[in-house]
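Visitor: TrEMBL lists these features:
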COMPBIAS  1-19  compositional bias 'Basic and acidic residues'
REGION    1-72  region 'Disordered'
COMPBIAS  20-31  compositional bias 'Acidic residues'
COMPBIAS  44-57  compositional bias 'Basic residues'
DOMAIN    114-311  domain 'Peptidase M24'
BINDING   His177, His285  substrate binding site
BINDING   Asp197, Asp208, Glu405  divalent metal cation 1 binding site
BINDING   Asp208, His277, Glu310, Glu405  divalent metal cation 2 binding site
Amino acid sequence: MIELVKLKVEDDMTKKDTVEDAGSDDEDDEGVKEVGADANGELKKKKKKKKTKKKKPVQSDPPRVGLSKLFPNGVYPEGEIQEYVNDNAWRTTSEEKRYNDKMAMEDPETTYAHIRRAAEVHRQVRQYARKHIRPGMSLTEIANDIEDGVRALVEENGMESGIGFPTGLNINDCAAHFTPNAGDKTILQQGDVLKVDIGVQVKGRICDSAFTLNWEPTYDTLLEAVKAATDTGVREAGIDVRLGELGGYIQETMESYEVEVDGKVLPVKAISNLCGHTIHLYSIHGSKSVPLVPTNDMTKMEEGEYFAIETFGSTGRGHVVPNGDCSHYAKVAGAPQKTLRLASAKSILNTINKSFGTLPFCRRYLDRLGESKYLLGLNHLVQQGIVQEYPPLYEARGVMTAQFEHTILLRPNRKEVVSCGNDF
């Protein structure tokens, strides 16, 4: 009985070895294809080619790859999320507010996807600009490089997507609203303080964000003060916050700094006649203003609003005045219907309506569209109140100014700093 069992076990083991040997042959043949027999009747074997995975597209340098290729699913990165605090803390956990937020995202009219796409274009273009702008470059070269990047990444398509407003390149005592006109020969110098203000729009949702660059340490503290003031404005902003009070927080932060220049200590002052603002569809300046100093304005921020929180600091008096040739213009929303007698005015208005609507534009953009001899007609539109001009704004000569800016979205349950990135 015991012997019979032993023989059976040996027999089973022999069968098992045979099966394992066969399995080993199968493993050796994995990834191999039989293609026919040779002269001796033996099968020839050929290895199968491995499928190569498609490489994910990456951004070029300079950035020129459209975002639809980098984000084919149409889902763009969320900005920095800040929870509401104090009296608004309940919004974070409110089921009702979470539902409202979800509905806003899914509604094609209010969806956050457009502003996030604009913000991602802004981040990628400005991060390149921050690394590559340097003394010795002309302002025209810098502006063209930035705007070519914006057009490529946002995949410019008429009024559907494109530049939100002319690129602001404001040097030293010039705080805002300067972009080079045709023929401008200004060269960036080593000791300059340059404010760079970039706008991107997708279906009328404008991302507005700005930063300041310097190449010598003298005014590092000025930049630090203004960035801190903007961060304060962003942090303290929220639903039901009164705009006049918000200005007080901004000024308190900014004016706690001092700058030492050639052994002289200069206080940093908030530029009191500049401000942040709401952003409306296809309109960069909305109906509400965010002051940089405390005011009696009791207007509240409201759910669903977009704000550009921008602050300007100065080593001078803290006040700017218009000066120099104008480069920035915008058609007035709801402009009056007037009979235009100048043919050049009619022609340039048609171009403005078709190419910009109520979005800001500059002379370079008109040149790019092939317009010429348009200044008389453009000035006539300004005189008639159809177009608004925005001349450069200057502090006193010899004064240095700085600017930092972010666009925020007051969502029902959270605040999103849509333009925030790794750089600032």
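Cβ atoms here come from the backbone N, Cα and C positions, even for glycine.
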Visitor: Given the binding-site residues His177, His277, His285, Glu310, tell me which ones have a C-alpha lying within 10 Å of the C-alpha of Glu405 (divalent metal cation 1 binding site).
Guide: Glu310
Visitor: Within 10 Å of Glu310 (divalent metal cation 2 binding site) by C-alpha distance: pick out those among the binding-site residues His177, Asp208, His285, and say none if nothing qualifies.
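Guide: Matched binding-site residues: Asp208, sequence order.
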Visitor: To see if you understand the setup: which same-chain residues, six or more apart in sequence, place their Cβ under 8 Å from that of His285 (substrate binding site)?
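Guide: Spatial neighbours, sequence-distant, of His285 (substrate binding site): His277, Thr278, Ile279.
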Visitor: Distance between His177 (substrate binding site) and Asp208 (divalent metal cation 1 binding site) at the Cα atoms, whole Å?
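Guide: For His177 (substrate binding site) versus Asp208 (divalent metal cation 1 binding site), the Cα atoms are 13 Å apart.
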Visitor: Other than Asp208, His277, Glu310, Glu405, which residues of the chain come within 8 Å of the divalent metal cation 2 site, judged by Cβ distance to the Cβ centroid of those residues?
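Guide: For the divalent metal cation 2 site, the extra neighbours are Asp197, Ser209, Ala210, Gly276, Ile279, Phe307, Ala308, Ile309, His406, Thr407.
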Visitor: I want the residues beyond Asp197, Asp208, Glu405 whose C-beta is within 8 angstroms of the mean position of the divalent metal cation 1 site's C-beta atoms, in chain order.
Guide: Gly168, Ile198, Gly199, Ser209, Ala210, Ala308, Glu310, Gln403, Thr407
Visitor: With the cut-off set at 10 Å between Cβ atoms, which of these binding-site residues ends up with the most neighbours? Options: Asp197, Asp208, Glu310, Glu405.
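Guide: Highest number of other Cβ atoms within 10 Å: Asp208.
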Visitor: Restricting to the domain 'Peptidase M24' (114-311), what is the model's mean pLDDT?
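Guide: That region's mean pLDDT is 98.
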Visitor: Report, as a single number, how many Cβ atoms besides its own are within 10 Å of the Cβ of His177 (substrate binding site).
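Guide: I get 24 for this one.
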